[in-house]
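J.: Dumping the structure here so I can ask a few things about it.
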Amino acid sequence: MRMLEKGKLIVASHNAGKLREFDGLIGPFGFEVSSVAALGLPEPDETGTTFEENAYIKALAAAKATGFPALSDDSGLMVDALDGEPGVYTANWAETEDGKRDFDMAMQKVENLLQEKGATTPDKRKARFVSVICLAWPDGEAEYFRGEVEGTLVWPPRGNIGFGYDPVFLPDGYGKTFGEMTAEEKHGWKPGDASALSHRARAFKLFAEKALNVVSAPAE
């Protein structure tokens, strides 16, 4: 495992919601953080067929363009009744004809498909969020960290705090959707903690432990 040394770190994302979450997760570690959005760098075409491939495409492009290590996330919603869709195409399902993204439309699309399949009870609406974080260096070397969280899709959407599909995702064991949770509730992790809730926080926890050598408390 290649360790990440303190210094400048590029977050390879133009997604405002992801950038807010990364800012909260990376903040305690003392890196000089910038994003490809702030630097005006273009988004590479995500031509991969897995979360790992797309995360690498984004992180490597940012690392090569800036000369600094870059951190990216490729994430998505996988719905059991839809054979794992939308998966790596989660963001694509929200694309409109004018090139923008409408996640209200995307959530409705998922719900329509579930209704068509008769998936109206919680046991038929199981899903998971997946996040793969890629840390890439300008020389092309990379490390990967994967996090997943299981849950159930609810309808109608609940809450407007999060982004993307958060308002319809109810994580197992909780009474709030991600869209109803504060950032602290959703991520449920800070350096040294034993556990994390969200898929991105779980992936980031692995990144912190393996690439930054952060020691977490043992899980109870």
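Heads up, the Cβ atoms here are built off N, Cα and C, so glycines get one too.
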J.: Using only what Swiss-Prot says about substrate binding by Ser13, His14, Asn15, Ala16, Gly17, Lys18, Ser75, Phe163, Gly164, Tyr165, Asp166, His199, Arg200, identify which of Lys64, Lys100, Lys186, Lys210 is listed for that site too.
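T.: Swiss-Prot names Lys186 for this substrate site.
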J.: Name, in the order they occur in the sequence, the residues of the same chain whose CB lies under 8 A from the CB of Asp166 (substrate binding site) and which sit 6 or more residues away.
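T.: Expected: Gly159, Thr177, Phe178, Gly179, Lys186.
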J.: Fewest other C-beta atoms within 10 angstroms of its own C-beta: which of the binding-site residues Ser13, Asn15, Ser75 fits that?
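T.: Each of the binding-site residues Ser13, Asn15, Ser75 was scored; lowest Cβ tally within 10 Å is Asn15.
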J.: So of Asp45, Asp74, which of the binding-site residues has the fewest other Cβ atoms within 10 Å around its own Cβ?
T.: Asp45
J.: Quick one: Cα separation, Asp45 (Mg(2+) binding site) versus Gly17 (substrate binding site), in Å?
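T.: Per the Cα atoms, Asp45 (Mg(2+) binding site) and Gly17 (substrate binding site) stand 20 Å apart.
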J.: Please report the Cα separation of Gly17 (substrate binding site) and Asp74 (Mg(2+) binding site) in Å, rounded to an integer.
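T.: Rounded to a whole number, the Cα-Cα distance is 13 Å.
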J.: Within its own chain, what residues at least 6 apart in sequence put their Cβ under 8 Å from the Cβ of His199 (substrate binding site), listed in sequence order?
T.: Ser75, Arg128, Phe129, Val130, Ser131, Gly147, Glu148, Val149
